[in-house]
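Q: Input: one structure, supplied below.
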Amino acid sequence: MDAADILASVLVLGIIIVSLLSNVVVLICFLYDPEIRKQVPGLFILNLTFCNLLLSVSNMPLTLIGLVTTGHPGGSDFCQIVGFLDTFLTTNSMLSMAALSIDRWVAVVFPLSYHSRIRHRDAVLALAYTWIHSLCFSTVATCRSWVGYHHLYASCTLCNVRTRAAGTQFIIFTVALHSLTFLLTLIVLCVTYLKVLKVARFHCKRIDVITMQTLVLLVDIHPSVRQKCLDEQRQRRQRAIKKISTFIGTFVVCFTPYVITRIVELFSPWPISPHWGVLSKCLAYSKAASDPFVYSLLRHQYRKTCNLLANKVLKRSPLNSSSLRMENTAARCQNNSNTTNNIQPTANKPVCP
């Protein structure tokens, strides 16, 4: 192993650890909090978490073994199963992100009719499509023996076929796969989230107009309060842009290098560096580690659930702490009452809140 392989191995190991821990936390929050389970986006997040967890325990460890041993991990049949999972899970996770973006677009653009437009039945149908779509491509690749160990990516995934006729079919299949998964998801993400940003900016402008009119009427308002209102307007716009950029940016940064490498590999007469192939695969794996933070753990409901779980594990529940404060207050009131009775025996006892 050279220095690049050691760095790549450490990177894959770090991605595995972060992906496992973060996705397990999301799964625990989903199972613990009934409010999260009632929400329609929770089904899409659950499916995305399932794909990320399965990818973390099946494909990523074999890539790590391939980097460490610089050879074929496992037998041919076992590698075909893992290659099937690689195609299925990656496709399924991309389509789940597209479904989440459509859900958020409907929630922002049609807030009053959201619950009638997006129901649990509709979410189940969307998930059924993502599974059928993913199973079709992964099954075709497996039946055509187009999955196996690929030395360029040090992983069990789609691999090229040597014969001319089969090679042409493989090229058509690979282009169709990435067009109907990566490109389709990217288009859906850009269209829906940019529309969400447009609506959010429109509402921000309306709020800004009302705020400015209020500030004009309040001529005696302190300059610091006026500046605070203006700062909140600017932060509101920046938060909307930051969220949209995170959703689209993480998808592009993580998947684009890998997809471009797969396409270039089909037509380029020159060999591609194995170090770049492994790096592009690591970037694709990193999406499984970043998804829990992008879609779940940074949201208020998940943060609240995580805090409750942490307090429960550490035995510092809010109920215990509040009851302890009430007991301390009652004890202080009792002491004050006894002191008052000793000084003024004829006075009425003070009433403690």
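Note that Cβ sites are derived from N, Cα and C of the backbone, with glycine treated the same way.
Just so you know, TrEMBL annotations are computer predictions that nobody has curated.
What you see is a predicted model, and the numbers here were worked out from it, not measured in a lab.
Annotation comment: TrEMBL describes 331-347 as compositional bias 'Polar residues'. What TrEMBL lists as domain 'G-protein coupled receptors family 1 profile' is 22-295. Summarising the annotation, TrEMBL assigns region 'Disordered' to 331-353. Residues annotated as transmembrane segment in TrEMBL: 6-32, 44-68, 126-147, 170-196, 244-264.
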Q: Counting only CB pairs under 8 A, let me know which of 6-32, 44-68, 170-196, 244-264 has the most with the transmembrane segment (126-147).
A: 170-196
Q: So what's the average pLDDT for the domain 'G-protein coupled receptors family 1 profile' (22-295)?
A: 86
Q: Would you mind listing the long-range same-chain contacts of the transmembrane segment (44-68), meaning Cβ under 8 Å and 6+ residues beyond its ends?
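A: The answer is 1, 5, 8-9, 12-13, 15-16, 19-20, 23-24, 26-27, 30, 74, 79, 82, 85-86, 89-90, 92-93, 96-97, 99-100, 103, 123, 126-127, 130, 149, 153-157, 278, 281, 285, 288-289, 291-292, 295-296.
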